[in-house]
């Protein structure tokens, strides 16, 4: 089956993951007000539109060099750009203050001339992207089509009606990139845990935490899924934050993660979480299965 791959890219908190979730009518991708919650390029289910099988790739948002995951995110963006056919740039209408930074990022995209380009302005709380800034983006990005839509009041039919007006071309230079599958069970488990780390710990902890599934087993008689997880952080002080006083924080994280996963798995779930310090660099997620 030939698939057209659409990479969704843009500044942090522009609405990239929100858009893809709405297109799929689900919440497979994490949405948060925290910057750079998407650290890896994630592939979603096939959607049949415009007589094509379309897959949307959630790409990490542009980030500055001072960010702790700058190298990882930059690598993921480059990987995604080499493995897509269409580049969908999402910018929130109130992100006028990010225009200079965005301009430098768009200039680096000029080498990917073979990609079809679409520009989506997320009309946010009745605030407008200035005409000057819009012109800068149009000049630097040179999209085939511009879509202006409010993701808080998303009109899927309107989106597709405009999207279909674009001449969607396959990228003959596209590489066969093995993106993470949003429907992979291990991904759902790891992403579910990281979402709760973000909610409870905030600040820098979610960006430096690395998560691993150590063991996973299913008891058919009890209809019970047992999951043993490890959270690794570089410093003892960070470990103490995640565990919390009298282990209250890690208990809350575990309970919330289990509750989240019960929506994805048709069985009871037992979760055991161990927190350790690990100074060497680890992958964001370590899977049992690919």
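Even glycines carry a Cβ here, placed using N, Cα and C.
Contacts of residue 62 (GTP binding site) defined by a Cβ separation under 8 A and a same-chain sequence distance of 6+ are given as 9, 10, 11, 12, 77, 101, 102, 105, in order along the sequence. Secondary structure at residue 62 (GTP binding site), as computed by DSSP, is strand. Taken from Swiss-Prot, the feature GTP binding site covers 10-17, 58-62, 122-125.
In terms of DSSP secondary structure, the domain 'Era-type G' (2-144) contains 48 helix, 35 strand, 60 coil. Summarising the annotation, Swiss-Prot assigns domain 'Era-type G' to 2-144 and lists sequence analysis as the type of evidence.
Summarising the annotation, Swiss-Prot assigns domain 'KH type-2' to 201-279 and lists sequence analysis as the type of evidence.
The list of residues near the region 'G1' (10-17) in space but at least 6 beyond its ends in sequence, with Cβ under 8 angstroms from a Cβ of it, reads 29-31, 33, 35-38, 58-59, 61-63, 89-92, 95, 98, 101-102, 122, 124, 151. Residues or ranges marked as region 'G1' by Swiss-Prot on the basis of sequence analysis: 10-17.
Beyond its flanks by at least six residues, the region 'G3' (58-61) meets 7-14, 16-17, 20, 29, 35-36, 38-42, 44, 73, 76-77, 80, 182 of its own chain at Cβ-Cβ distances under 8 Å. Marked as region 'G3' by Swiss-Prot on the basis of sequence analysis: 58-61.
The region 'G4' annotation in Swiss-Prot covers 97-100. Nonlocal intrachain contacts for the region 'G4' (97-100), taken as residues 6+ away from its ends with a CB within less than 8 angstroms of a stretch CB, comprise 11, 133, 136-137.
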Composition by DSSP (helix, strand, coil) of residues within the domain 'KH type-2' (201-279): 30 helix, 30 strand, 19 coil
